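Following this message is one structure expressed as structure tokens.
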Amino acid sequence: MAASPYFFVAAFLALVASQAIASDPSPLQDFCVADMYSPVKVNGFVCKDPMVVSADDFFKAANLDKPRDTMKSKVGSNVTLINVMQFPGLNTLGISIARIDYAPLGENPPHTHPRATEILTVLEGTLYVGFVTSNPNKLFAKVLNKGDVFVFPQGLIHFQFNPIHDRPAVAIAGLSSQNPGVITIANAVFGSKPPISDDVLAKAFQVEKGTIDWLQAQFWENNHY
């Protein structure tokens, strides 16, 4: 019996899916420094003419050794991200870096990076960190001390919290994308513009609509940490 044409379509789609990649594509040349001024729109950035590329394109005086101010943050943290937008030499290299400063009892609240896995190293202090899997939502958490390393899988909700009341903490994170993106859960749910209907959120969180309205007001007053 001849095979159904639908079988071949299904087989082809399965083959294509097996070749798909979930992170930044591999570079096709040694480097592709982003031309931030090009009018051409692509997925990523157009390459700068390699004949005018210099060592400065692969360097940034980021001052990541300097403490950042955490006092202005409602959650007591300050994330200094160095991605392709600040460092065009990262274009097509699939990597970025961040310094995170935590005030005493400060946190980097639950969030996700849709395009990157994150590996975090504690430079100073103590952090309680963790991530939650997709359904059925198992929590993997650990207390980290200076020199410890923890990894957060791509796309999963994760957090860091400084449990010490009288000492700040500092960490460095590497991310597996030139532009990892970030979705802070509370901001996205309660501070979206336009707002998600309070009927929807009240049902989802099993609370009164007045509670949702109050929460949304906190994020609309100051939509950014």
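A Cβ is built for glycine as well, from the same backbone N, Cα and C atoms used for every other residue.
Taken from TrEMBL, the feature signal peptide covers 1-22. The disulfide bond feature in TrEMBL is assigned to Cys32-Cys47. As annotated by TrEMBL, domain 'Cupin type-1' applies to 62-213. TrEMBL lists Asn108, His113, Glu118 with the feature oxalate binding site. Residues or ranges marked as Mn(2+) binding site in TrEMBL: His111, His113, Glu118, His158.
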List, in sequence order, the residues of the same chain other than Asn108, His113, Glu118 whose Cβ lies within 8 Å of the centroid of the Cβ atoms of the recorded oxalate site.
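Nearby residues not in the site list: Ala98, His111, Thr112, Ala116, Leu120, Phe152, His158, Ala173, Leu175, Pro180, Val182.
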How big is the Cα-to-Cα gap, in Å, between Glu118 (oxalate binding site) and Cys47 (disulfide bond)?
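That separation, Cα to Cα, works out to 26 Å.
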Taking each of the binding-site residues His111, His113, His158 in turn and counting other Cβ atoms within 10 Å of its Cβ, which one has the fewest?
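Across His111, His113, His158, these binding-site residues, the one with fewest Cβ atoms within 10 Å is His111.
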Roughly how many Å separate the Cα of Asn108 (oxalate binding site) from that of His158 (Mn(2+) binding site), to the nearest whole number?
9
Considering Cα atoms only, can you say which of His111, His113, His158 is the nearest neighbour of Cys47 (disulfide bond) among these binding-site residues?
His113
So if I draw a 10 Å sphere around the Cβ of Cys32 (disulfide bond), how many other Cβ atoms end up inside it?
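Its Cβ shell of radius 10 Å holds 21 other Cβ atoms.
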Among Cys47, Asn108, Glu118, all listed as recorded positions, which has the most CB atoms within 10 Å of its CB?
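Ranked by Cβ atoms within 10 Å, first place goes to Asn108.
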In the predicted model, what is the mean pLDDT computed over the domain 'Cupin type-1' (62-213)?
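The predicted confidence over the domain 'Cupin type-1' (62-213), as a mean pLDDT, is 97.
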Quick one: which residues besides His111, His113, Glu118, His158 have a Cβ within 8 Å of the Mn(2+) site's Cβ centroid, in sequence order?
Thr112, Ala116, Phe131, Phe152, Leu156, Ile157, Pro180, Val182
